[in-house]
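Take a look at the structure set out below.
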């Protein structure tokens, strides 16, 4: 069975987007800029190609493990690309030198996005308040990149009392890097209030429709399970995958996140029946097979089964390389 049935195709053709942006910065500054800047690129130019390719390429080339500081001009380029990226569909942030906190920076970007999509599923209108992530949030990120161009990435990784001399009087506080404080402030004053607003708006719609809020919250279960699984994996990984292969973990988790968001958006646009997983086809055999494959991979990695097999195979190859007799060349 495909992703979209006949009912979904017919509904998709009737769909009309509805959105409200109350941001004053977007209304008076950014939207006039976007309306002029978008004319510089042809219509066939694919979304997110302007900046994402160069952004990820710079980040991977100069900091493959996200544990070293790239040249300062990279941060300037990142800030400029993010500024251009605001009129596109998606944005990424740099987490160089953040170590295991890299996952949490991905977390504070993914959770509001998923909850906003979940809210849009019920309200049918994307509501952006006066201060929101797509506008002021991204502005804060690229301003931080511009700031890092002048200070260097080390400014974020050292103790806050050293980076901000005005705070060197703070006593009885252990050494805390600046990026750790920034992460805490973003979670406390941006992510949590945004999630609370999303839940409140969904609650009003569900109550008006005499529906079940528990069923609505159940749609968040797959995403919560993904976050919990990745978090446990990153902290219990024997090879410390978050520190040694951060790109692999974040990009892989991003693909899974995109899959979940895409299914919810598709269910909304096509008016497909929703269940605890957001869409009836989410429990199709292929999805269940992928779940079992993930469980098997985890068990094999935990017990180091593949490592044992590879070790034995390598040993056998070495043995046979010395015992196989030389084959004589037969000439006519």
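Glycine is no exception: its Cβ is also placed from the backbone N, Cα and C atoms.
Copied over from TrEMBL:
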type	residues	note
TRANSMEM	74-97	transmembrane segment
TRANSMEM	103-127	transmembrane segment
TRANSMEM	139-157	transmembrane segment
TRANSMEM	177-199	transmembrane segment
TRANSMEM	211-236	transmembrane segment
TRANSMEM	248-266	transmembrane segment
TRANSMEM	287-309	transmembrane segment
TRANSMEM	315-331	transmembrane segment
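Beyond the ends of the transmembrane segment (103-127), by six or more residues, the same chain brings 18-20, 22, 92-93, 95, 133, 183, 186-187, 190-191, 194-195, 198-199, 201-202, 205-206, 216, 219-220, 223, 227, 230-231, 234, 242, 249-250, 253-254, 257, 260-261, 264-265, 267-268, 274, 278 to within a C-beta distance below 8 angstroms of the stretch. The transmembrane segment (211-236) shares the most Cβ pairs under 8 Å with 248-266, out of the stretches 139-157, 177-199, 248-266.
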